[in-house]
């Protein structure tokens, strides 16, 4: 640890070769001092420089890569660990475009054992979409990490703030700021927040089930925001409404007939419906309960599953339903068993019954559709589930989950990194999905769960 006689706080940048340590050093120092290239191990010596972070002078150390198979690796590793021991704070940099290997984790834990005043810095997260990759590094066991992109100057400001807080240097010195420091503060200004997304909702169903009536009922009071856009009567029609601060765009798709009856222009309509669903987040499946369900209803419902959409079942014409409530619900549960997670709303579009409930349910389902499970909590639930019902063996060989990571949302997508991913049986996957639904309430939301070995995860 840093000794009391030192006047400057010291920050060491550690990590394996070619993860961006020297680039981060140059970014913080605002000068190209260390050699940077795509060739692993270009930094052999420890580069030192006094720099100013938001007006505070600190000493920054850039170390050689700690790769196991590098030349002079033992000497470099020993030098790095000594630098770690003498520093006040360590920035351990990893490559966010790669899945961590066992060697990554082993080296990090060795550094952390030497000096627990350590930040895990995940570099090369160049845009918001790539943030999903960072969750693979939950296996390092750090409660907080920092996603940055040195080349795009993303996340640097937040990292600097955290560094100053950790070093108890969190009060910016206002006097005697020179031009370079002012420039640094400007360059590291926080990034603008992304604009809130419009919820895209596709209305699907057979012909004459009441899709257009539902659209009219949903947009009756708010349709002045966006006027109807239609090329022909078989084109999807867009309408946007505002619920509180949330915009919702509805797409009324063309009604779908039996395939044998789809000819000419209706084939075009089906293609347009497919394209409309490709950009949708949620599907409203409209079912006509004035008569029994038909096979085509089930086939149309598979469109939502095909496009991995959130889904809400709308039972229209409820005022003239063909059977009592209990009978219809029992039939619905039997015929649409694969949509048991979908909420069901009864309505009469012509009488505007339960229309507000549909609007608010869309927002609720979208929140579930966009949900991200905290990585530590996700792994805790998966661990408990596998302990409660252990994974079946694979020909007498142990099957285990190393860790789980949610790598995407809309819909939630989770990878299980396993020693034998092909041994994950469909029934056990369903058990894990049901467990996650029970714990985290993924209402109306498909959950995608896949199994990978470490090598496959690394390649992705």
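Just so it is clear, glycine is given a Cβ too, placed from its N, Cα and C backbone atoms.
The domain 'EngA-type G 1' annotation in Swiss-Prot covers 9-171.
All protein chains included, residue 21 (GTP 1 binding site) registers 30 other Cβ atoms within 10 Å of its own Cβ. According to Swiss-Prot, the feature GTP 1 binding site maps to 15-22, 62-66, 123-126.
Among the features that Swiss-Prot reports, domain 'EngA-type G 2' is placed at 199-370.
Residue 318 (GTP 2 binding site) has a Cβ environment of 19 other Cβ atoms inside 10 Å. Taken from Swiss-Prot, the feature GTP 2 binding site applies to 205-212, 252-256, 316-319.
Sequence annotations record features per position, and here Swiss-Prot assigns domain 'KH-like' to 371-455.
Burial estimate for the binding-site residues (18, 63, 208): highest at 63, by number of other CB atoms within 10 Å. Following the DSSP three-state reduction, the secondary structure of residue 15 (GTP 1 binding site) is strand. DSSP assigns residue 125 (GTP 1 binding site) to coil in the three-state reduction, outside any helix or strand.
When Cα-Cα distances from residue 18 (GTP 1 binding site) are compared across the binding-site residues 205, 208, 318, the shortest belongs to 205. Taking only the Cα positions, the spacing between residue 21 (GTP 1 binding site) and residue 205 (GTP 2 binding site) is 55 angstrom.
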